[in-house]
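Scroll down for the structure; my scribbles are underneath it.
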Amino acid sequence: MNPWIAIGALGVVSIGIPLGMMAVSALLRPSVPEQGKSAIYESGEIPTGTARLQFNIQYYMVALLFVIFDIETVLIFPWTVIYRSALEQGASLTEVLLPMLVFIGILVVGLVWAWRNGAVEWVKSPLAESRKTERQT
Amino acid sequence: MGTLLLQSQTQTPLVDTIAGLLGLDGLLGAVVGGLLGAFLIANVMLVTTAVAGPWAKRKITASFTDRIAVNRIGPFGLLIIVADAVRLMSKELIVPDGVDRPAWDLAPIILPFSALMGFAVIPMGSGVHLADPEAGLVYAFAVASIASLGLVMAGYSSNNKYSLLGGLRSVAQNIAYEIPLIVTAASVVIFTGSLQMSEIVAVQAEPLVTVAGITIPQWFAFVNPFAFVLFLAANLAEVGRNPFDTPEAPTEIVGGYQTEYSSIYFVLFYLGEFIHIFLGGALIATLFLGGPAGPGPEALGFVWFTIKIWAVFLFTQWCRSAVPRVRIDQLIDIGWKGMLVLSFANLVLTAIIVGVIV
């Protein structure tokens with residue numbers, strides 16, 4: 001039988017279970033709205049400002065690299081599947097291994113370049129650095 | 001193994017068994033059998049999580065820190081599971097001001113959904129194996145990474161700065177450790193030549209060496225221990241456990257993305273995280289520890305599988321108690337400058353060694 005029918009069935013069940021738990025909880029739980037109860041939690045202080053603000057994604061360059069490497073893994077998987085059987089059927093190493101080594105090599109050169117340019121880092125915001133009050137050691 | 005590429009025969013062992021028992025066949029059998037099988041598997045994981053979350057986790061952590069933990073309700077405090085389930089279900093749901101409503105409600109559904117879906121392709125032994133598509137391994141990684149989406153939704157929709165930070169951190173962590181995880185898994189696929197889970201398990205059943213009359217099977221943890229350690233570490237980061245638990249670091253950002261969640265929504269987050277740990281354990285067991293294989297008859301497979309995923313769970317709890325948390329910038333460094341390079345070295349070395357041997 002088609003395995004994807006079973007997987008789809010599991011999808012239905014695994015959405016149904018959280019929904020069922022929510023429904024049971026909705027029947028059981030009390031609802032006592034009070035003033036101040038629904039305030040967002042900021043360590044007990046009165047919340048200041050909103051969380052919908054412009055922020056510094058400090059791993060932006062890393063996220064771009066991730067896209068490249070993610071596509072790379074997609075391209076590596078088919079090769080890993082055929083690699084061993086191709087060798088067993090008499091293909092030579094230069095035919096099946098060398099192209100992949102070149103492919104990975106190009107990406108490694110790219111990674112080294114990004115690394116040396118400081119892209120693979122948690123970017124520290126200059127503003128936050130200048131406002132830092134803790135003692136520099 | 002040369003014909004594996006062309007092999008289009010895929011199976012649904014558990015579904016076939018159930019459909020056979022009910023005397024149904026064709027599409028109706030597939031759908032009814034699939035639903036019942038899926039229900040069975042989901043409930044097995046729910047029970048596992050119910051034992052792990054309120055009881056085993058407390059007991060394990062207590063043992064590490066020299067305490068006693070739950071021991072009042074029932075034998076060994078086991079009935080705390082029931083008490084906690086009722087307690088958490090009947091908590092008031094507090095909806096904070098200004099949350100982004102559909103996203104805030106959807107996030108707790110997505111998390112357990114993504115983790116439960118992964119179990120569709122895991123061979124649990126004793127015939128408990130829902131579906132066995134050819135792309136099983138890739139499928140498991142694909143659905144497991146949907147969880148990040150839920151975390152970002154929770155973080156951004158909560159209208160809380162701590163949640164926002166937690167959501168951003170969880171993405172940073174997931175993108176840093178997903179590549180090492182998958183590339184390490186690819187080095188296992190080099191040995192098996194197949195992405196099908198049953199095939200990966202079958203290859204590991206072959207003997208590796210025989211020492212003093214005891215045959216050691218070809219589990220990839222023995223064949224390539226380096227990849228095993230890498231995968232174990234990357235998996236810790238993937239499920240967000242110490243030392244990589246910065247997204248919800250309680251001493252820094254309260255609860256991270258789950259700060260604003262209460263009642264059943266919080267339970268669903270918790271549930272999702274625990275099922276995710278067990279999914280990680282199931283992937284480790286399948287890829288590196290021979291799946292449901294073990295001494296004794298084949299019917300014991302499910303017992304061995306359970307022991308293996310609990311062993312991985314115990315390991316994560318051990319790390320939780322024993323290893324300090326890394327800072328978020330260190331985490332990026334370890335992921336991109338350490339694990340990524342090591343995992344590619346592992347892949348290339350494995351390919352070269354297999355090339356020379358075969």
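Positions of Cβ are set from backbone N, Cα and C atoms, glycine also.
The shown structure was predicted, so the numbers you read here are calculated from the model rather than taken from an experiment.
Taken from TrEMBL, the feature transmembrane segment covers B:27-56 (among others).
Annotated transmembrane segment per TrEMBL: B:68-86 (among others), in sequence order.
The transmembrane segment annotation in TrEMBL covers B:106-125 (among others). Tertiary neighbourhood of the transmembrane segment (B:106-125): same-chain residues 38, 41-42, 44-45, 131-133, 136-137, 139-140, 143-147, 149-151, 153-154, 157, 197-198, 201, 257, 261, 264-266, 268-269, 271-273, 275-276, 278-279, 282-283, 286, 291-293, 298, 300-305, selected by CB-CB distance under 8 Å and a gap of 6+ residues from either end.
TrEMBL lists B:137-155 (among others) with the feature transmembrane segment. Same-chain residues lying 6 or more positions outside the transmembrane segment (B:137-155) and placing a CB less than 8 Å from one of its CB atoms are 103-104, 106-111, 113-115, 117-118, 120-122, 163-168, 170-171, 174, 178, 181-182, 185, 189, 195-197, 200, 238, 247, 256-258, 261, 269, 272, 276, 279-280, 283, 287.
Per TrEMBL, the feature transmembrane segment maps to B:207-234 (among others).
As annotated by TrEMBL, transmembrane segment applies to B:264-289 (among others).
Beyond the ends of the transmembrane segment (B:301-318), by six or more residues, the same chain brings 48, 52, 56-57, 60-61, 64, 123-126, 128, 232, 235-236, 239, 241-242, 277-278, 280-282, 284-285, 289, 291-294 to within a C-beta distance below 8 angstroms of the stretch. Residues or ranges marked as transmembrane segment by TrEMBL: B:301-318 (among others).
The transmembrane segment feature in TrEMBL is assigned to B:338-357 (among others).
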Please indicate, using numbers and ranges, the residues of the same chain that are 6 or more beyond the transmembrane segment (B:27-56) and have a C-beta under 8 Å from a C-beta there.
12, 14-19, 70, 77-78, 80-81, 84-85, 116, 119-120, 124, 128, 130, 270-271, 274-275, 277-278, 306, 309, 313
Between the transmembrane segment (B:338-357) and the transmembrane segment (B:68-86), are there three or more C-beta pairs closer than 8 Å, counting only pairs 6 or more apart along the chain?
no
Check the transmembrane segment (B:207-234) against the transmembrane segment (B:264-289) for contact, please; criterion is three or more CB pairs under 8 Å, pairs 6 or more apart in sequence.
yes
